[in-house]
């Protein structure tokens, strides 16, 4: 028996099941055979030494991967890239929209973006081409808002569709540069709304000192500082404050976004939105209190109104009641649009700071971002097109210019948008409506 087996050379290339860390060519497995005189050798092939292996239909998976998948701590994208935790900076982890959702997003973004561009170009054109509007601080803030919404509509639509619909995978610097443009425009839009709210709050709270407090120089300095701050803050991720450079926790809503940076942006933006809400609620309360006081008076008392052209008009309580009603409707519209457009986005961002975000919530967040674009579409209607001065200036620009320099044309009597410069006091008071025959006022731009 031993003589028969002595001439046999055993060849084995069998692999055994075990941990991924095991060494399959373990000499100890053949120690018994080697003591008996058997020498294991690898089979020889004509093409040279080759190793035999068994093809398996299953991918190589370690026990740690199986446990992680079972616990839900590791999620892979469609391209097989792990998502979640420190690996969430992969672009594929955020491209989660279905083809139907991509089509809906594309239609909404292109439609709203086109309207936003046309509206804000018209508003900016009217303000820039009308000298009297350019000199008024309130219209400087409205112009800043129009510029931010115009810039945001172009950058947001391009970047949003390029990422979610076309699935372009930019390098980290290019992506962060695009993201900085989106953050700058939307932050400047909220900042312009904040400055506009301050302007109207001061006109109601300090009507006598309004002209002294809100000057053109201060208005220019305010929106210049606001734009500089928004641009500087938006460039911080590109300059190094991102989760890839810092090896920190990444946001699950924005690629490469550090969670601490996102938390700071949410805090600043949320504080601005809360003050805007407070300012307009205060103005609405002032108007409501005035209406109640007027109704409680037994005698009919006239109210002095200063029209946009500087003319003084005496009106009674019925007319003033209509002014208060228009004011209340405008304020309610401002608050509803602001909370509807920015509330869902900020709520999901705050949720992401404390809990894990699913793909369904990511898709919902993408649609909520369209609401921010909707806010840029509605802003010109609320803040600019409802202004009688701006509408009058717009119609004046559309009229054909007279061929002669003589008088007789309505556009030659006085500059559009208000009285001449000599009537600065009347023009300043023309931006407000006297509520109680005294010093309580409310911005006429609201109605």
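Any Cβ shown, glycine's included, is placed from N, Cα and C.
No curator has checked TrEMBL annotations; they are predicted automatically.
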70-92, 139-161, 300-322 - the one TrEMBL records as transmembrane segment: 139-161
Transmembrane segment according to TrEMBL, located in which of 36-58, 105-127: 105-127
Any residues 6+ beyond the ends of the transmembrane segment (331-351) with a Cβ under 8 Å from its own? 190, 193, 253, 262, 266, 269-270, 273, 276-277, 280-281, 283-284, 287, 357, 361, 364-365, 368-369, 371-372, 374-375, 378, 382, 446
